[in-house]
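Colleague: Before we start, here is the structure in question, set down as structure tokens.
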Amino acid sequence: MSSSEQLDDGFTGLKVIAKTEIAQGIFRFELAHPQGMLLPAFTAGAHLRVRVPNGSIRNYSLSNDPQERERYVIAVKRDANGRGGSVSMADDIEAGDLLPVATPQNEFELIENARQFIFVAGGIGITPILSMMRHLKASTDLPFKLYYCTRNPELTAFRDELLGAEFANTVVIHHDFGNRADAYDFWPVFDKPSSGTHVYCCGPRPLMDSVLDMTGHWPPGSIHFESFGVDQSRFAENRPFSVTLGRSGIDLEIPVDRSILEVLRDNGIRAPSSCESGTCGSCRTRLIEGDVEHRDMVLREDEQHDQIMICVSRARNDVLVLDL
């Protein structure tokens, strides 16, 4: 890669000053400006948009304290069954390389008027949560509790830090060892809503679904979700359909293995996006016509008749007409 840090398309090359395997198949990357300059500020819960060596664009959450302006820290789980971005990061990037990144964005910010926080993380979903915890410890006196679910100790990212003195009495780490019957029982946590408490959950879709199911009686707006990537294999019955763009009249075909958002990009049509898992709301689009299978975790029931999250949701019938 070129030694110049300024790249095209809004990306800047940051130097990888350290790469460390912090758990089995999970790598931490520390990034800094090549000339030692301060980096653009970010807030807890933010993510970096990264152009990985194979050319893909991926989002990775920042895990360090936002007060640290001299570096960004991300963690990547190598997933051989994923879309290739994590494998390219794990296998092709080494300390000393330049990695193209865009300015941090945040669709998962902490609520300013909260009295306390409950954090739920699964697997690599710990990354934005850890940034939030570090921020709260360094800058506030607000109480919080983390429930972190992983398969086993070897797959637990940041385990030593979480069990250290800094977070004493604020962290519960649970291992299910691959047995669903041994999953953590969250009902005692969410049985009784607490005024001013906000819940932040990041992890695999089954974990988020479980938290969503158990918090239906909580006040609206008090439960927040974030996830990067979506497992389309859980929708084995995907069927192709068509999308008509209402403003231009363009017709697009959506195959079983591509999302509306991906097909728009393939055709040079820009649409806002961030998480690409139906949890942040960035790709909310007005629906003009059609019957939608809503797969997001954002839209309320009263919004589903005229809106769609184009990163995950699909058509129940043959054609959707969108206000694009």
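Cβ atoms are placed via backbone N, Cα and C, with glycine included.
Pulled these from Swiss-Prot:
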BINDING   115-229  NAD(+) binding site
BINDING   C275, C280, C283, C311  [2Fe-2S] cluster binding site
DOMAIN    9-111  domain 'FAD-binding FR-type'
DOMAIN    241-324  domain '2Fe-2S ferredoxin-type'
Colleague: Enumerate the residues of the same chain, C275, C280, C283, C311 excluded, that satisfy the criterion Cβ within 8 A of the mean position of the Cβ atoms of the recorded [2Fe-2S] cluster site; list them in sequence order.
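Modeller: Residues close to the [2Fe-2S] cluster site, other than C275, C280, C283, C311: E107, L261, S273, S274, E276, S277, G278, T279, G281, S282, D296, M309, V312.
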Colleague: State the Cα to Cα distance, in Å, between C311 ([2Fe-2S] cluster binding site) and K145 (NAD(+) binding site), rounded to an integer.
Modeller: 31
Colleague: List the Cα distance (Å, whole number) between C283 ([2Fe-2S] cluster binding site) and P220 (NAD(+) binding site).
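Modeller: On Cα coordinates alone, these residues lie 21 Å apart.
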Colleague: Summarise the domain '2Fe-2S ferredoxin-type' (241-324) as counts of helix, strand and coil residues per DSSP.
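Modeller: Computed counts for the domain '2Fe-2S ferredoxin-type' (241-324) are 10 helix, 26 strand, 48 coil.
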Colleague: Give the residue from the binding-site residues R115, K145, H175, R205 that has the most other Cβ atoms within 10 Å of its Cβ, counting over every protein chain displayed.
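Modeller: That would be R205, with the highest Cβ count within 10 Å.
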Colleague: How many helix, strand and coil residues does the domain 'FAD-binding FR-type' (9-111) contain under DSSP?
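Modeller: Grouping H, G, I as helix and E, B as strand yields 8 helix, 41 strand, 54 coil.
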Colleague: Is D160 (NAD(+) binding site) helix, strand or coil when read with DSSP?
Modeller: helix
Colleague: Within 10 Å of the Cβ of C275 ([2Fe-2S] cluster binding site), how many other Cβ atoms can you find? Include all protein chains, please.
Modeller: 28
Colleague: Can you give me the Cα-Cα distance between R205 (NAD(+) binding site) and C275 ([2Fe-2S] cluster binding site) in Å, rounded to a whole number?
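Modeller: Roughly 13 Å, rounded to the nearest whole number.
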Colleague: Please identify, from the binding-site residues L130, C280, C283, the residue with the sparsest Cβ neighbourhood, meaning fewest other Cβ atoms within 10 angstroms.
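Modeller: Taking L130, C280, C283 as the binding-site residues, the minimal 10 Å Cβ count falls on C283.
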